[in-house]
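K.L.:
This is the structure I have questions about; it appears just below.
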Amino acid sequence: MEHLLSMEHLSNSEIYDLITIACQFKSGERPLPQFNGQYVSNLFFENSTRTKCSFEMAEQKLGLKLINFETSTSSVKKGESLYDTCKTLESIGVDLLVIRHSQNSYYEELDQLNIPIANAGDGSGQHPTQSLLDIMTIYEEYGSFEGLNILICGDIKNSRVARSNYHSLTSLGANVMFSSPKEWVDNTLEAPYVEIDEVIDKVDIVMLLRVQHERHGISGEANFAAEEYHQQFGLTQARYDKLKEEAIVMHPAPVNRGVEIKSELVEAPKSRIFKQMENGMYLRMAVISALLQ
């Protein structure tokens, strides 16, 4: 695998290969490759806890040496372009770049680089490692994707997770549907929009999305009514109680407790939210291994 940029660039067989490797790392069946003497740099131009820290943990477990990069103290503050920043790191011997950026498809500007890129999120475009860890979590639960009914609720228009998961899960045979306020509908995605209360007792997976305040502008955030949103589109106790016995709840996090999901349900028996985070490290180990081997 040359790069990991978008779920649309991965075949189903490549997806299965990556989650199989990740599951084997997790179970201990597969010995960890050690990339001693190879260097990685994580370039995060947007805030991150889970993605950044799990990439760092994955890199350390694989023996990579981390070249620290902080946007606030870099020449980006002097106007250096993303390409020149990345080309500089390549020139000094970095072997892999992990990049999160607010610009959709930022990687299209980097096609002259000669080292692999792992996309850790581009604007509202794609978040392939999040999608892959979600797929891994679903696979551990169900063993397949064909015919699964998956409801994705929330800020569809601004969510790179919704976009990535829509493409990958439909390709794998799942039935994806959305529930969202009308102002956050994305008409470029062909999944049907439904009322959450009409399907909550029929779905296998409820995937909740964070409200993307940073992409709504000041007026959008000021006019947001958290309790009203929670009652209309969030996972309330009443909705949780209607879920099928074997259904699971997912969220890419960070979670706005009491908005997308009732706080007490974040760690309820059907929740796999922290399992997603655990799987993220193993999945990113699999991605790094595929990019460097």
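The chain as shown is numbered from 1 upward.
Quick reminder: no glycine exception, Cβ is built from N, Cα and C everywhere.
So Swiss-Prot says this about it:
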BINDING   Arg50, Thr51, Arg100, His127, Gln130, Ala253, Pro254  carbamoyl phosphate binding site
BINDING   Lys78, Arg160, Arg210  L-aspartate binding site
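Help me picture where these features are in the structure shown.
P.N.:
Within the same chain, residues at least 6 positions away in sequence whose Cβ sits under 8 Å from that of Gln130 (carbamoyl phosphate binding site) are Thr51, Gly121, Arg160, Val161, Ser164, Pro252, Gly280. Following the DSSP three-state reduction, the secondary structure of Gln130 (carbamoyl phosphate binding site) is helix.
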K.L.:
Provide, as an integer number of angstrom, the distance between the C-alpha atoms of Arg210 (L-aspartate binding site) and His127 (carbamoyl phosphate binding site).
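P.N.:
Per the Cα atoms, Arg210 (L-aspartate binding site) and His127 (carbamoyl phosphate binding site) stand 14 Å apart.
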K.L.:
Please identify, among the binding-site residues Arg50, Arg100, His127, the one with the smallest Cα-Cα distance to Lys78 (L-aspartate binding site).
P.N.:
Arg100
K.L.:
Write out the long-range same-chain contacts of His127 (carbamoyl phosphate binding site), meaning residues 6 or more apart in sequence whose Cβ is under 8 Å from its Cβ.
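P.N.:
Long-range Cβ contacts: Thr51, Asn119, Ala120, Gly121, Arg160, Val161, Ser164, Pro252.
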K.L.:
Go through Arg100, Pro254, the listed binding-site residues, and name the one with the sparsest Cβ surroundings, counting other Cβ atoms within 10 Å.
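P.N.:
Taking Arg100, Pro254 as the binding-site residues, the minimal 10 Å Cβ count falls on Pro254.
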K.L.:
Taking Lys78, Arg160, Arg210 as the record's L-aspartate-binding set, what's the max Cα pairwise distance in Å, rounded to a whole number?
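P.N.:
Per the listed residues, the maximum Cα distance equals 32 Å.
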K.L.:
Among the binding-site residues Lys78, Arg160, Arg210, which residue has its Cβ surrounded by the fewest other Cβ atoms within 10 Å?
P.N.:
Lys78
